[in-house]
Amino acid sequence: MRKLEERIMKDGLVLPGNILKVDRFINHMIDPVLFEDLANEFYEKFKDKKINKILTIEVSGIAIAYACGIRFNCPVVFAKKTSSKTLGDNCYRTEVFSFTKNRSYEVMVSKEYLDEKDHVLLIDDFLANGKALEGLIDICSQANATVEGIGILIEKVFQKGGENLRRQGYTIESLARIKGFTDDSVIFED
């Protein structure tokens, strides 16, 4: 999506270790007008699927998942990284590794909010190694829910997460596909 690529070029910052900082408009300060456009783009790509639920992982995926929930007119569920007294033990659980944080998390979703009747669109801000998505897919599998598709804002195609998931048969739509970085700029895939 050209609009997202232009915004990345304008406000994104390339950090050492192949990290793209987009906190000026995606994952710290949020541009709601841009997010509405991004949600509309995901809707166009997945409108023919039977989506009745959107699933993401906290924290950075929540904002775009929420915008998509409005556009798809369906509930949004997010996998929590921390347990609470209100969540209880009746949860689907899995472990995910965060590339950015360089650590593993146990994530969980209450069994109240996901089951075999659900046709799920997975939404996240980044796809690199694919570990967060593998965790969400595992949670859907535990719930016997159907993964209808995966929507990603920014995919680092030089890392193999997207390729591996596509090989497993998942439909992934990434709005910006990055094939690499130079010292201070982003190289997008054509």
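Backbone N, Cα and C define each Cβ position, glycine as well.
Among the features that Swiss-Prot reports, xanthine binding site is placed at L20, N27, K156, with the record citing sequence analysis. The 5-phospho-alpha-D-ribose 1-diphosphate binding site annotation in Swiss-Prot covers A128, N129, G130, K131, A132, and the record cites sequence analysis as its basis.
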Of the binding-site residues L20, N27, K156, which sits closest to K131 (5-phospho-alpha-D-ribose 1-diphosphate binding site) by Cα distance?
K156
Shortest C-alpha distance to G130 (5-phospho-alpha-D-ribose 1-diphosphate binding site) - which of the binding-site residues L20, N27, K156:
K156
Name them in sequence order: residues not among L20, N27, K156 whose Cβ is within 8 Å of the mean position of the Cβ atoms defining the xanthine site.
G12, I19, K21, V22, I26, T100, D125, F126, A128, I154, I178
Shortest C-alpha distance to K156 (xanthine binding site) - which of the binding-site residues A128, N129, A132:
A128
Can you tell me how many other Cβ atoms are located within 10 Å of the Cβ belonging to A128 (5-phospho-alpha-D-ribose 1-diphosphate binding site)?
24
Far apart in sequence but close in space: which same-chain residues, 6 or more away, have a Cβ under 8 Å from A132 (5-phospho-alpha-D-ribose 1-diphosphate binding site)?
I57, G61, V96, S98, D124
Can you check which residue among the binding-site residues K131, K156 has the largest number of Cβ atoms within 10 Å of its own?
K156
How many whole Å apart are the CA atoms of A128 (5-phospho-alpha-D-ribose 1-diphosphate binding site) and L20 (xanthine binding site)?
11
Whose Cβ lies within 8 Å of the mean position of the Cβ atoms of A128, N129, G130, K131, A132, the 5-phospho-alpha-D-ribose 1-diphosphate site, other than those residues?
V96, F97, F99, L127, L133, E134, Q159, G161
DSSP-derived structure type at N27 (xanthine binding site), helix or strand or else coil:
coil
Look at the binding-site residues L20, N27, N129, G130 and tell me which residue has the greatest number of other C-beta atoms within 10 angstroms of its C-beta.
G130
Return one of helix, strand or coil for K131 (5-phospho-alpha-D-ribose 1-diphosphate binding site), based on DSSP.
helix
Rounded to the nearest angstrom, how far is the Cα of N129 (5-phospho-alpha-D-ribose 1-diphosphate binding site) from the Cα of N27 (xanthine binding site)?
19
